[in-house]
Amino acid sequence: MGSMRCGSFLALLTLAGASNISCLDSFHSVTPLSIQDKLCLLPQLDALVDSPQRFYFEKIGVVVGYEILSKLGEIEFTFAVPSTGWFGFGISEVGSMIGADMVILEDGPNGFEVTDSYSHGFERPVADKLQNWQAQSITHLSLGETCLGRTVVTKAVLRRMMKTCDAEDEDLGPQWIKNYFVAAYGDGRMSYHGQVRETTSHYMYLPEPILHEEALEAVEVDILGPSILVPQGQTNFCYIKVVIPCDIKVHAWAVLNTRNLHHMHLGPLEPELDFPEQYQCSSYSPGQVSLSWGLGDAKAVLPNSLFIEMKAGTYVLEAHFENAGKDAFDIQTGFRLWAASSDVSADKAVGITSIKGVWTDVLPANHIVQKSFVLTQACTDTLPAHGVTVIGALAHMHYAGKSLKAYRTRRGRTEMLFEQRGFDFNRQAVIYKSFKLMPGDVISWTCTWDLRNLGDKVYGLSSEDEMCQIFLAANPPLPFARATLGIPSQGDEYGVCGTRACFDLEECSALAPHSNEFHKIELQPLTAEEGPQRELCELLVEAEATPPVNNWIFPQSMIVHLGIISVTYKLVTLLYSRRLEGRVIVLKRSLNCMFSLLGILVGTLIACHPEWFLSEAEKVYSVDEAIGSSFWSLSACADWVGIAYIFELIVRGSNECLRWDLAVHHSATIAIIGMLRNAFAYEYAPQFYASIAACLLLHVVTDVPVLFIFALRGVSDKTCFKRSLFAAAWIKLAMHTAINICSFLLFVSGANNFRLATVSFASWLKTGYNKDRPLATDAMRRFDWAAVLHVGLPVLLSILFLTQLWTTWVLLRMSRRAVAESAVNRAGEDL
């Protein structure tokens with residue numbers, strides 16, 4: 001059949017003067033589309049879901065209903081799952097487990113657990129730093145006797161913000177024309193899903209069908225390759241020549257035979273990359289992609305009657321096969337295209353443009369490596385005045401590819417246009433996120449490669465080499481079919497936008513300085529979002545990374561704390577004035593008593609909150625409340641201690657009984673509290689700073705025995721003071737030493753101390769927006785509190801430790817003197 005079809009294609013090529021209609025009429029569909037397996041339970045599960053919109057994982061029998069709650073900025077999902085164990089649902093960038101935003105539902109011993117997770121690879125997803133999924137209801141339902149026997153299923157209703165502003169979440173806003181989803185389930189607690197998993201795609205914000213083929217009088221066109229032999233092995237890439245005999249305008253496409261097929265691309269054959277055989281299964285890589293299909297995709301339909309024009313000629317099918325059996329097998333596959341047989345307005349055309357960066361140096365092994373490139377105004381100045389709309393983009397790297405980000409700079413504002421955080425070489429699919437390009441825009445992009453378990457890599461077309469490339473599908477088509485940037489020549493970098501492929505990099509490097517086609521790249525890539533506008537996330541999700549309640553707002557007001565400390569001190573002085581004589585003695589004992597009570601209170605709160613000592617890397621946060629609110633009691637402890645020390649300095653200073661060591665110690669402590677308070681609010685690593693703060697607050701608890709001994713001095717038998725002060729002083733010194741060491745080690749260790757800043761919009765808050773008229777809060781946010789702590793905290797801890805050594809020595813002298821006085825008194829009594 002393959003040879004017959006090739007013959008018919010060659011015959012059709014003689015119809016050069018014929019119209020598209022006659023050419024399309026000569027096509028006929030001969031191959032049935034593969035039918036997805038449907039679980040017999042699917043209709044009954046479908047009846048459990050009352051959401052207005054839905055889609056299906058047909059192979060594993062899961063129904064997903066959803067409702068967009070626009071006023072709340074949320075989406076409510078309803079899941080009907082043929083299992084009572086665990087269930088995982090993911091919003092995926094391209095339908096891969098790599099980079100999938102997952103919610104895991106497990107029925108545990110303490111009831112249902114819902115965990116917002118992120119999948120970094122083909123492994124168990126890890127819990128997100130910020131937990132954004134909220135359970136509305138989760139139940140097990142009995143369906144009675146079904147096609148599977150007596151059946152119990154799970155129905156879960158969960159909600160999530162459409163845009164969470166969380167770097168570990170996928171957005172679900174209308175700028176995505178189509179989204180990819182993954183699902184899996186199993187028995188008991190979460191474990192490897194095996195084959196009970198599936199990928200699908202769905203248009204969430206566009207009605208289906210978007211395109212009525214009948215209304216366009218569409219013709220089904222089969223682009224079918226010959227029967228090929230896929231060799232042994234689990235993974236094979238095969239490249240198959242096919243011929244399109246006339247110009248066609250494609251509105252939709254699907255794959256004819258998906259057996260063992262992981263993904264398939266269709267692109268024009270580059271003359272420089274031609275091969276003599278009808279097909280080959282090797283490392284050949286086509287230069288352009290016109291159509292793409294990936295595992296989980298059904299029929300791809302361009303919205304609003306858009307079309308991709310494919311010129312007559314020879315094309316290449318790139319077929320990636322994943323064969324678990326690893327035995328050789330025969331297959332005949334290709335694309336079914338829906339092409340309009342009537343004239344379609346030219347303004348509906350979509351063009352595919354390849355933009356790639358090149359280099360000549362080596363990407364070093366055992367490192368995570370990045371390279372950035374810039375598509376300058378010399379290219380985008382050729383865009384039409386009204387600009388173009390990109391409806392989808394595809395990232396292309398090879399086996400070491402980790403992620404790709406693209407940015408647009410326009411009128412002083414740089415924002416991210418496209419991101420694939422989890423690149424999967426085995427799953428390269430279009431991300432259907434639309435954005436606008438205008439004349440004068442500067443496009444920058446960064447590729448990241450993970451070479452920690454690989455050797456050195458160089459730029460090249462082979463899959464064993466590396467690339468950094470983006471394919472853009474734009475309407476109207478971009479005025480250039482391809483762009484190559486980063487061409488090194490004579491110490492400069494050049495770019496070319498047009499039809500030149502630059503397969504031979506040395507040839508392009510030699511030609512670049514002498515050809516008008518090439519332009520010198522003067523700009524540096526801009527790969528960080530910044531500009532005059534604030535990120536909308538700050539308004540939408542204030543609870544995500546809100547700092548602790550302002551110190552001047554009730555109930556966490558410094559004025560309130562100062563009032564509490566003052567009243568407590570006054571009450572204690574009234575008690576002491578009845579037992580002791582002398583204003584200074586009453587003052588000292590009252591302060592001793594007040595601080596011992598404060599230490600007991602702080603120690604009790606710390607004992608009740610062991611979670612304060614968790615690692616920042618292990619801590620996750622719920623957005624049900626502001627993050628700062630969960631640390632209210634810790635912040636209150638720090639504020640009480642700081643205010644109490646300020647109060648003591650004022651009282652002792654005004655009564656001329658302030659010792660130098662006390663002044664230095666309290667001043668250092670107040671400085672640490674102030675720096676930690678601001679770092680806690682503006683550096684967005686609250687659990688990390690909570691651990692340091694709780695550790696340092698133990699100093700106050702450590703002082704309680706000594707303070708309590710002094711508080712009893714003069715109102716109780718002096719024997720207690722004499723016998724216990726010596727031991728308490730040594731215990732105090734040992735604990736202070738241990739706490740200082742732990743605080744220092746905690747601060748200087750751990751690469752994930754500031755992980756929250758990488759998964760939230762906190763980086764936006766650190767950027768100056770009101771550069772001309774900055775607010776005080778902007779200055780506080782931009783200030784590098786972490787750097788100040790790195791310098792100041794070790795110094796202040798050293799000062800604390802030295803003053804603690806001094807006070808311990810003073811205490812030991814006092815205890816020895818008291819013991820000596822006691823011995824003299826006993827000797828006098830004996831006489």
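Any Cβ shown, glycine's included, is placed from N, Cα and C.
Bear in mind that TrEMBL entries carry predicted annotations, made automatically and left uncurated.
These numbers come from a predicted model, not from an experiment.
What TrEMBL says about this one:
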type	residues	note
SIGNAL	1-18	signal peptide
DOMAIN	60-186	domain 'DOMON'
TRANSMEM	552-572	transmembrane segment
TRANSMEM	593-612	transmembrane segment
TRANSMEM	632-651	transmembrane segment
TRANSMEM	663-682	transmembrane segment
TRANSMEM	688-712	transmembrane segment
TRANSMEM	724-748	transmembrane segment
TRANSMEM	787-812	transmembrane segment
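The recorded stretches the transmembrane segment (663-682) and the transmembrane segment (724-748) do not share 3+ CB pairs below 8 A when only pairs 6 or more apart in sequence are counted, and are therefore not in contact. Per-stretch counts of Cβ pairs under 8 Å to the transmembrane segment (688-712) identify 593-612 as the leading one among 593-612, 632-651, 787-812. Confidence across the domain 'DOMON' (60-186), taken as the mean pLDDT and rounded to a whole number, stands at 88. Taken residue by residue, the domain 'DOMON' (60-186) breaks down under DSSP into 3 helix, 82 strand, 42 coil.
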